[in-house]
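Working notes, beginning with the structure itself.
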Amino acid sequence: MPDITLILLGAGNSTRFESDVKKQWLYSGEIPLWLHVAESFEAMGAFAKIVIVSSPEDIGLMKHFADYTYVQGGETRQASLKNALEDVTTEYVLVSDIARCCVPAAMIHRILDAREEASCIVPVLPVTDTLYLAQTPLDREQVRIIQTPQLSVTKTLKQALQTDQLFTDDSSAVASMGKKVHFVEGSHEAHKLTTISDLKKLPCIEAPSGKTLTGFGLDIHPFEEGKAMVLCGVKIAVDYGFKAHSDGDVAIHALIDALLGAAGMGDIGELYPDTDQSYAGANSTRLLSDTVRKIRTHGYTIGNVDMTILAQAPRLLPYKEKMKHSIASLLEIRPHLVNIKATTAEKLGFVGRKEGVTVHAVANLTYYNWKQK
């Protein structure tokens, strides 16, 4: 049985990355960066458990990709690490950052082979530039660049973090207890992804796949007297609306499901449940804007959408162009990429009896192409 747990930290909000897409969700081929990193480590060593630390929103989606252990991050890297360590029972723990995405196998093996040398095994690089501290030159032979992953004795690392003092890495925490830290050779390949320009320094990351991802959405709402009718964010001049927990914009609801389906993010009921009173009477355009944000930050680009509205009443032809531009604006795409069709049910069924409306929606997504940026 392996005696090492792997912890990969990725709960940061990518502020310095300066992109709409979280760096954890940039795609390499057909998998997001965090999964590329996890699978790379998994292929290089036998671990008792792999723990991914991330935000609650991301964890919900990550679970669709792989069966790892997921832990909610904290306000700081140290808080995130403490959360991850709570259920670690192996003798050793290997901690790295998802942003450290091109760690070579030889570097991992050097770290693991040295496990009995000290309480913490740390990969380092020499400094080749001249260094000053304020106005005083430093002896660069005494300075090292510290990298991750770092291997620690689990019990020691847990004890070291039981303090209010903040540490920038595991070795600093272990060293603060007077425990021995052992250096091994690091690697220039293990460059950390901090800004978008760093992507050029990461040869192990492939360009995203050019595959198109398609999702389908369907929603149905009955009419209700005395409510305002809104379709695609456009008010329709009739004296009835839709019976619903929110404003009942059946077209936007179908579109949200299509977008979520293409991204593999579940459905509208999971993200915006009708049991949550905060969505009572909610403006559906707000829900769509939030869905678009989720889609973009998780590595997707919206291509085109196609919607079919089945309605015996009201007559929608006068509103189609306005609805098209409303959806294009909400999706932040060009109007020609939005197609809206309206048809009757030939007086058949509940739609034909003018009891409600059904909407079908199809949405196409592609992976965000960071290679072209």
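Each Cβ is built from the backbone N, Cα and C atoms, and glycine gets one as well.
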Exercise. To which of His182, His188, His253, His298 does Swiss-Prot also attribute binding of divalent metal cation at the site defined by Asp219, His221?
Worked result: His253
Problem set entry | Fewest other Cβ within 10 angstroms of its own Cβ, chosen from the binding-site residues Asp219, Asp276 | Asp276
For this session: For each of the recorded sites (Arg16, Lys23, Arg140), count the other CB atoms lying within 10 A of its CB, then report the residue with the highest count.
Result: Lys23
For this session: Mind giving me a neighbour count for Thr344 (site 'Transition state stabilizer')? Other Cβ atoms within 10 Å of its Cβ, every protein chain shown.
Result: 15
Exercise. Is Lys192 (site 'Positions MEP for the nucleophilic attack') helix, strand or coil when read with DSSP?
Worked result: coil
